[in-house]
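Among the features that Swiss-Prot reports, Mg(2+) 1 binding site is placed at D99, E162, with the record citing similarity to another entry. The feature motif 'DDXXXXD motif' is assigned by Swiss-Prot to 99-104. Residues or ranges marked as Mg(2+) 2 binding site by Swiss-Prot: N224, S228, E232. Annotation source Swiss-Prot lists motif 'NSE/DTE motif' at 224-232, citing similarity to another entry.
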Amino acid sequence: MGHSAKDEAPVVALPKLGSIFTKLLRDLKYRTPQHKDTRPALEAAMLEYAVRSGAPYESEYAQRYFDVGLTLACAYYPTHSFAVKLHIAIYSWLAIYIDDDDDGNEDLIGFQERFQKGEPQPSALLQRFAENLQEMSIHFEPLVANFIVLSSLQFVAATLLERRSELHSLQHCKEAKRWPDYVRDRSGVPEAFAYFIFPRDECPDIGAYMQGIPDMMTYINYANDILSFHKETLAGETDNYINTRAVCEQREPFAMLEIVIAETIAANSRVVGLLDTRSDPVYARKWNEFFNGYIFFHVTARRYKLHVYTGLADVGTKWQEVFAG
């Protein structure tokens, strides 16, 4: 999952990436978000939920997952109602925990079967996640809630897949060109985060935005992959999306990065063009808030280590304390 909280690489700037990132933000027409700070109230509500429900939050790692969920909900969905924002924050916190919880692999293997049968889960983490999925239709149109749940179940399957020895022994090749996107669309949960942009009470017409979901998913995946590339390169990671796709397409990683950037910009342009044709401006506004908040989260969050690039470190300075995740 793109927001995994494991990050221990040393911090140095890579000059070539600095110019690439600066150009990306310029070409995307990124604007620093400026919204009312709801973080303290949301954090208090999440803590109350954790105490009441038994959801894990007291360990150092659990607190980091908690904070990422809190931070991204504030950044991505700033004008959502408090109840919707809280639901998304809890979902994100628990999903990120599941993604990093290698020790819970045996329990996770049976998650989907138990979920489908309505059986209790063996841990507080998985039980709370199952309950969160079951309550999606409170905040989202029933069909949309179904898509969110299905995307989340695919995320669980992809998490298990990424831990399988068979996956790690695969030799990437040009004959499996679509494999990187297949895995990414499932492991990153982009469909759920795209649908989260449009809660039922504010965005009741699913026809107004449904056609844009595939491009929103592309933006969500690729922008994360681009802005994670710095810390992953420093850590020596070669199993990320950019490097895997580069092998499949027989390109150099930096050349692949440039292509993915162009595809990201094009995907956003199509979404903006589509939503701008709608008579109700709320759909375009909601996307614009998410689009800018998504970049802001990555640029200012400590774990992405992008503060080493002068052109990016100054972006969002005014609001950095609010979204310090």
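Including glycine, each Cβ sits where the backbone N, Cα and C put it.
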Within the motif 'NSE/DTE motif' (224-232), residues counted as helix, strand or coil by DSSP: 9 helix, 0 strand, 0 coil
Sparsest Cβ surroundings (other CB atoms within 10 Å) among the binding-site residues D99, E162, E232: E162
Cα-Cα distance linking D99 (Mg(2+) 1 binding site) and S228 (Mg(2+) 2 binding site), given in Å to the nearest integer: 16
